[in-house]
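Asker: Would you mind keeping the following structure in view while I ask a few things?
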Amino acid sequence: MNLTELKQKPITDLLQLAEEMGIENMARSRKQDVIFSLLKKHAKSGEEISGDGVLEILQDGFGFLRSADASYLAGPDDIYVSPSQIRRFNLRTGDTIVGKIRPPKEGERYFALLKVDTINFDRPENAKNKILFENLTPLFPTVRMKMEAGNGSTEDLTGRVIDLCAPIGKGQRGLIVAPPKAGKTIMLQNIAANIARNNPEVHLIVLLIDERPEEVTEMQRTVRGEVVASTFDEPPTRHVQVAEMVIEKAKRLVEHKKDVVILLDSITRLARAYNTVIPSSGKVLTGGVDAHALEKPKRFFGAARNIEEGGSLTIIATALVETGSKMDEVIYEEFKGTGNMELPLDRRIAEKRVFPAININRSGTRREELLTADDELQRMWILRKLLHPMDEVAAIEFLIDKLKTTKTNDEFFLSMKRK
């Protein structure tokens, strides 16, 4: 029996399975408790159980494998990892581990890890000699992640506009600057769908901090990737713990030369959570932001990089502006110059119900010549010169009208040439 397969089943199937196995009074229990009871019953029959999770090492030296399905929240179905195993395999917080597990003995509360099969989807012996993430060499992104699907659909317009005005590469540190109701969540869904379709080798994680529960469900159903969330009814400590688990997991995968993409909604809310959690330093900036509160969110955002030795970590985060909160403005100002790609959304365009509501003149990617071919770059510059004299709303309306007549950006450039 596999622990992961059980976690992916809906609660109705699990309750039916519990009934078949003769476990009673489970209808009012939490999903994790039902899984725990099923595994315990299954283990008594002497069959092997396998499980996996992301390691979180606690201060006492031992650790637990947390589940991404539960957004790395501590639960009864977590798997205990002993300090001797952590030392033997040189494990760190964020390592993704698959292995055989055993049921809890008398007086124990958790399942325990018996044998490690893989670490970060690699053989355990390969994981011992990995170079630490902080010691790897960061570079500008050089490999492009195309956003367009090439099917000419209206959903594809967002991807095509991003490709034209702010191309995204592997290792990009991007900021989507968004006022309320400008369509940032839908844009993130589109970006996630495009990355999953055009770059299936990429490990995609969507991290939702302080979001509405219904948006989390929608994201889980539309995105082919890992969706980790901490909703607005959770305490700030929980937001921080989730974000730190996600970034540690991403770093460990990059050490194994994997390409990882994190889509974060939103970095403003994460910074607010850190501001609440950290001990007061006594120095307070404008808007009530503690002087040291933004160090860790900056470390999170700054982890995005293209790695010379192989692998990359891309972070596309949304920053909230025009919310009426001075704190949000201060947080945005602090993050403003740190990214190497910026995509501002415009409230005026969104109010006219024109989507994507991208302000083309202000958006762009640093060193875009490393991501695009020379002829394409020349065409993009000509397009910018053409759109620059126009008003922001007129520019995006003009571009969308022209894109709708063609299926791909190459076709669009050819039609431009003919005119």
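A Cβ is built for glycine as well, from the same backbone N, Cα and C atoms used for every other residue.
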Asker: From R160, R197, R212, grab the residue that Swiss-Prot records in the same ATP site as G169, K170, G171, Q172, R173, G174, K181, A182, G183, K184, T185, I186.
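Answerer: ATP site check in Swiss-Prot: besides G169, K170, G171, Q172, R173, G174, K181, A182, G183, K184, T185, I186, the record includes R212 out of R160, R197, R212.
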Asker: With Swiss-Prot as the source, which of 61-66, 331-336, 385-390 is set down as region 'RNA-binding 1'?
Answerer: 61-66
Asker: Scan 114-118, 229-233, 284-288, 339-343 against Swiss-Prot and say which stretch is down as region 'RNA-binding 2'.
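Answerer: Going through 114-118, 229-233, 284-288, 339-343 one by one, Swiss-Prot flags 284-288 as region 'RNA-binding 2'.
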Asker: By a simple count, how many Cβ atoms lie within 10 Å of the Cβ of R173 (ATP binding site), its own Cβ left out?
Answerer: 24
Asker: With helix taken as DSSP H, G or I, strand as E or B and everything else coil, how many residues of the domain 'Rho RNA-BD' (48-123) land in each class?
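Answerer: Tallied per class, the domain 'Rho RNA-BD' (48-123) gives 6 helix, 33 strand, 37 coil.
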Asker: As a test of the contact definition, list every same-chain residue at least 6 positions from K326 (site 'RNA-binding 2') whose Cβ is closer than 8 Å to its Cβ.
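Answerer: The answer is T286, G287, G288.
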Asker: Could you pull out which residues elsewhere in the chain have a CB under 8 Å from any CB of the region 'RNA-binding 1' (61-66), counting only those six or more residues past its ends?
Answerer: 51-55, 72-74, 78-83, 86, 91, 93, 97, 110, 113, 245
Asker: What is the number of other Cβ atoms found within 10 Å of the Cβ of K181 (ATP binding site)?
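Answerer: K181 (ATP binding site) is surrounded by 11 other Cβ atoms within 10 Å.
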